[in-house]
Structures are given as C-alpha cells and as structure tokens.
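Undergrad: Before I ask anything, let me first share the structure, which is written out below as structure tokens.
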Amino acid sequence: MGVALLLGVALTWLADRVALPALVLFLGLGMLVGSDGLGWIDFDNARLAQQVGTVALALILFEGGLASRWAELRPVLAPGLALATAGVAISAAVVGGVAALLPGLDLAHGLLIGAIVGSTDAAAVFAILRRTPLPRKLAATLELESGTNDPVAIFLTDLFVRMVIEPVTPLEGAELLLRQLGFGAVAGWVAGRAGAAAMNRLSADSSYPYMLLSTGVALTAFGAAAVPGGSGFLAVYLAGLLVSRHAPVYRLTVVRFHEGLSWVAQVGMFVLLGLLVFPSQLPSVAGGALAITAALMLVARPLAIWICTLPWPFRWQERLFLGWAGLRGAVPIVLATVPLAAGVERSWFLFHVVFFVVLASVAVQGTTLAPLARWLGLTAPGAAPAEPRLELAPVGRPPVGLIHVQVSEGSPAAGRSLAQVNLPPGATVTMLLRDGQVIPPRGRTVLHPGDSLYVLVQQRDVEPVVALLTGTGNGNDASGPAAASPR
C-alpha cells in the first residue's frame, strides 16, 4: 500500500508535467502490473472491482459536493439538470444506435454500451476545473452536470442489463427511474441537513471529529439511498452540497481532508480497474471502439448540449466548449462491471470496448480542453472559486478565513467605494491587487472589475461576500450611488 501511494504521488506529478490526466497513468499502472502485463497481480474479480469502485465514487462525489458553492450553482440549476437527465439519455440513444451497427451486437447490447458511456465523469471534470480558470457560469454548469448525471446513467444501465437478460415493461422502467431519483434525493437531503446540524452543534477542540462526522454523513447518505433502491451517488453529492452550505464550522479543514481522501480513492479505483483489463484484448475491439468514441465526441455529446441548452442564453463558444468537455472516466468503467457481475452475454467484450472509449476520451479531450478554452476566449484568470487560504478557529467560535475574490463585470460592488459596499459585519478587506499593483484598501477606494480582493471573513459569511463581489447569488446589494473618485 505504501509503495502504491508513493507511485500515485509520482504519477500525479508526472501527469501535471506532461499535461496528461492522471487517470490514464493510474489505469496504465494497473494494466502494467496485472495478469496480462507483468503478471505481478492476478485479478479478475469484477464484483469486487464494482464494490470498490462504488465506494470510491461515493467519496469523490461527496468531496465534489463539499467543494461546490450553492451561490454559483443556483443560476445554472435548470441547464445543469437538463444536461444531467435529458443530455445523458440523448447521448446514450445516439451512441447506442451506432454501437448496434457493429458486428455481433444487437440493439439491446448497443443501447447498453450507450447507457454505460452516457454520463460524464465527476473525478475527471473536477480535476479539469481545478486547473482551468473558466467563467463561473460555465464551470458551474459542468460541475453540476457531472455531479448529478450518474443516476440517469445507472438507471439506463440497469434497465438495459435487464432487457438483455429478460423483457422489461415500461411501467417497470418508470418505477426504477423514480426509485433511483426519489430515494436518492430524499436520503441526500435528510443526511445533509442532519449532518450539517450535528456539525454545527459539535463542540470540539480540534478538527478531527468534524472529519470523522463528515465521512459518516457521506457513507450514511449512500447507504440510506441504496438500501431501498435509490441512487447513492446522487445522495452523497447532495449531502456534500448541503453540509458545505449549512455547516461553516471548520469547512476548509473538512474540505481539505476529503480532497485527500478523494485522491486516495481515485488512485485505488483506477489502479484496480486497470488490473481488471486484459490489454491483449484491446486491439480486437479498437475499430468498433473508435467508431463509438467518434460518435460520442463528435455527434452525441454536441447534439445533447445544443438541444438541452437551447432555452438558455449560452454563446456558441460556450456550447462548443461544453460539447467537448464531456469527459468519460471511472464512472463508465465501474458501470461496465455491472454486466460482468450479472453474467450478461459478451460482457467482457463490452467492458473492453468501454475501457477503450474512456481511454480515448480522456487522452484526447482531457489534453485539449485547456487549449480549446483559450482559443475560444473562455479562460477567466482569477475566476477560480474563492477559498480561504488560512483558517483560524478558536474553540467554541466560528472559524475565520482569508479568501481571495475577484470583482466581476456586472457585480453590484463594481464602481463603488469600499465604504459604499454593504459587506457583512466583521468582513475586512486586507489587500487589493489591480494590474499587478498592490493598493492599500481604504473606505474611499473604488472597486473596478478585475480587482482582486483578499478578505478576512467568518466562514458563514463567505457565500454572501463572494455573491456580492462577483454578482453570482444572494449577496446584499451595494448601497449608495456609484462613487466618482478613482480611489
């Protein structure tokens, strides 16, 4: 285990240096040491891989929910959920139709492949968003879609696995979908609100109990949803989002802990899934897998984006980027173990096709997203979500953090002096950066779009401060007329 973690650190460093998603290297490591590689580890237990992958994905999605900010997700709630539901179904239908044309596959098996690769991967998307400074609307749309689209993909995968084995009535299919979404949403909401309340009431002289409690909330949310047949993945993402929003105590420390836990889960999951692959079988599926990959990246995903975002004012550059940002990753590979565990005919062939599609998607799209964003003029320097760089938490009092926020175009604070901006009581601007120059903040200092502010603020006030300065949510309006003096 120690060697695996050290290798994980080394591969992460290498991936950053060569601008290659770490997922590819971790999967490659598993393939290298597996039974069809060097033969160091003989592993072909699909059910165990599915169970480990499920737990790892739950931890990754919970961390994604914790790191999300409701003020940024709320404006894109409708398009994000449209992509997470109808978008997945459209992608699955198009890819399934193409896959059904391949030799040896009927429509049911083709649609099964389409369902498995229908959802974007949260781990891959979250990793890209951390490295690529996108406008908040675009980043939030991708974040919300990738965090909530797994239930539809899981529903479709379960449905088509059943269809391959035995006929399924429309009523049974509708019941399966409602159970997945309904129990998942209810379990996530209850666990998230209860967990946030417990964390707010907990009085401890260190952050460790909060780390353990938050992990318990994630596992409880997943189990409470999965037992009655709901989506545990939807439940953990929603629980993480609610804990992040309603439990400000030690938020930064808890988020950092789950970032580390999520990283360990990704390393273990990708290596294990790589062990399950037989590289010698990949060339035999390469032709069909490339056709499916091309259909997914060039037809299915762009079509789903344009249809699902039509009611909302996205620019063509944003739609083009969203269409190319449909990274597939661990989720499709984990879902590909479902037919294996169920004993579906030709399930190993399906698994290797999906694995090839994921590798091609991550290798091509993962390495070209950042250049595409720059080419389309969508990069937004300094637009990364504001997070405390320093957290101070005296026992029994709310923690205080130093956050970095950039004033946005259209912000209610732009064009007004600091004295006229209605910041929450206790929030203090400690430094202002403009065009590389440090400006001492004073009451008469006028804020310009693009100004970078460092604000000392209590955790419970982070969201209102960010919303006020960026214009993304429920921040209080800046009061008074616009100031006229430059500083």
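Here, residue 1 is simply the first one shown, and the rest follow in order.
Glycine residues also receive a Cβ, built from the backbone N, Cα and C atoms like all the rest.
Straight out of TrEMBL:
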- 48-68: transmembrane segment (TRANSMEM)
- 80-102: transmembrane segment (TRANSMEM)
- 108-129: transmembrane segment (TRANSMEM)
- 211-239: transmembrane segment (TRANSMEM)
- 260-279: transmembrane segment (TRANSMEM)
- 285-308: transmembrane segment (TRANSMEM)
- 320-342: transmembrane segment (TRANSMEM)
- 348-370: transmembrane segment (TRANSMEM)
- 390-471: domain 'RCK C-terminal' (DOMAIN)
Undergrad: Report, as numbers and ranges, every residue of the chain located at least six residues beyond the transmembrane segment (48-68) whose Cβ falls under 8 Å of a Cβ in that stretch; write 'none' if there are none.
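TA: 122-123, 126, 143-144, 146-147, 150, 214, 217-219, 221-222, 232-233, 236-244, 251, 254-255, 258-259, 261-262, 265-266, 268-269, 272-273, 275-276, 330-331, 333-334, 337-338, 340-341, 385.
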Undergrad: Please identify the stretch among 80-102, 211-239, 285-308, 348-370 with the greatest number of Cβ pairs below 8 Å relative to the transmembrane segment (260-279).
TA: 348-370
Undergrad: Helix, strand, coil: count each for the residues of the domain 'RCK C-terminal' (390-471), based on DSSP.
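TA: Counting residues per DSSP class in the domain 'RCK C-terminal' (390-471), I get 15 helix, 29 strand, 38 coil.
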Undergrad: Give the mean pLDDT for the domain 'RCK C-terminal' (390-471) on the 0 to 100 scale.
TA: 78
